[in-house]
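Enquirer: What follows is a structure written as structure tokens; I'll ask about it next.
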């Protein structure tokens, strides 16, 4: 999904074209509030690993984790305390089945957010039931550690709200276990053995949201390095990152029948604007250009500032719509009040999905078209100097 200048795709995820958030300069309270509203972490992690060729390795690690959990539950049931009720064996086998199915699921495409949430729901129910079924309540409290393993999955692949629900379920199960322990074995055992052990287990589980928050802060800081601090659109590094992500997505989810377009935008006589009106006015003009491009091309396009007065627009749309947007943007820019500016553009489109190699070809053609028009010196009433079709 491409980005908007505000930094969010319509999935709510931060990406290369985002407005810098200034994480390091903001109060922690504001960061926590923003983090609590953040979206799917799994998508970002999936794309990050795919761009570096780590996707299958991480998937196999997750599959191995599910298998290890299944074996741990089975081992605990065999060598641990006797289960309290006849239904306990059924619960045990359900836990084992969930772990095995989770391992098998990771051998295919990465699970989506609904599947992750489904795993957490089933996992919370089965782990909670398994802990409560033990006749030895201390062993049941020790089983809370399985909630921590599930919490790691939530921290990496889901949202803070899911983590909050998961942590609440963990706390409820632990409180019930402590109540049962006190009723069955007395206050002395509860205070001397149960509560210290429960405190240790809960500290591990409660620490996971802190880890998830720290992970989000570091990721957001990394995303900020992909943005142009003046205009808020992607910088050159963000553009390269975006193209790498497109290549990675094309391997995982091949697309056919998709068109694309690239537009180069060059602010005419920008040095004159700076010399006449001052650098502050020049900066404001660049910001307005970025605003117009973002508004006209919409959330389905990436806008990047690749030079002092140069922008690139990448759209995954057909030729006719792309040209119409280009003309509309140029007219809107030329309508600016003082300082009045115009832009020259070069356009190249292709009737195939965009890739890094195709992008290079389109940029070269768009660049040649724009400078041929500049050389002819023709008037540009709408600011569009040239168009070219790949």
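Cβ atoms are placed via backbone N, Cα and C, with glycine included.
Quick paste of what TrEMBL says about this protein:
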- 1-13: compositional bias 'Basic and acidic residues' (COMPBIAS)
- 258-386: domain 'GGDEF' (DOMAIN)
- 1-25: region 'Disordered' (REGION)
- 57-78: transmembrane segment (TRANSMEM)
- 90-108: transmembrane segment (TRANSMEM)
- 114-132: transmembrane segment (TRANSMEM)
- 139-158: transmembrane segment (TRANSMEM)
- 164-181: transmembrane segment (TRANSMEM)
- 202-218: transmembrane segment (TRANSMEM)
Enquirer: Considering only Cβ pairs under 8 Å, which range in 90-108, 139-158, 164-181, 202-218 makes the most contacts with the transmembrane segment (114-132)?
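Expert: It is 139-158 that shares the most Cβ pairs under 8 Å with the transmembrane segment (114-132).
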Enquirer: Could you pull out which residues elsewhere in the chain have a CB under 8 Å from any CB of the transmembrane segment (202-218), counting only those six or more residues past its ends?
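Expert: For the transmembrane segment (202-218), the nonlocal Cβ contacts are 23, 31-32, 35, 38, 41, 144-145, 147-148, 151-152, 154-156, 160, 163-164, 167, 170-171, 174.
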Enquirer: Quick test of the contact rule: Cβ under 8 Å, at least six residues beyond the ends. What residues does that give for the transmembrane segment (57-78)?
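Expert: Sequence-distant neighbours of the transmembrane segment (57-78): 45, 49, 89, 92, 95-107, 110, 130, 139, 143, 146, 149, 153.
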Enquirer: Would you mind listing the long-range same-chain contacts of the transmembrane segment (139-158), meaning Cβ under 8 Å and 6+ residues beyond its ends?
Expert: 40-42, 45, 62, 65, 69, 72-73, 76, 80-81, 111, 113, 116-117, 119-120, 123-124, 127, 130-133, 166-167, 169-170, 173-174, 177-178, 181, 194, 197-198, 201-202, 204-205, 208-209, 211-212, 215
Enquirer: Report the DSSP secondary-structure composition of the domain 'GGDEF' (258-386) as helix, strand and coil residue counts.
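Expert: With helix first, then strand, then coil, the domain 'GGDEF' (258-386) has 64 helix, 27 strand, 38 coil.
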Enquirer: Over the span of the domain 'GGDEF' (258-386), how high is the average pLDDT in this prediction?
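Expert: That region's mean pLDDT is 83.
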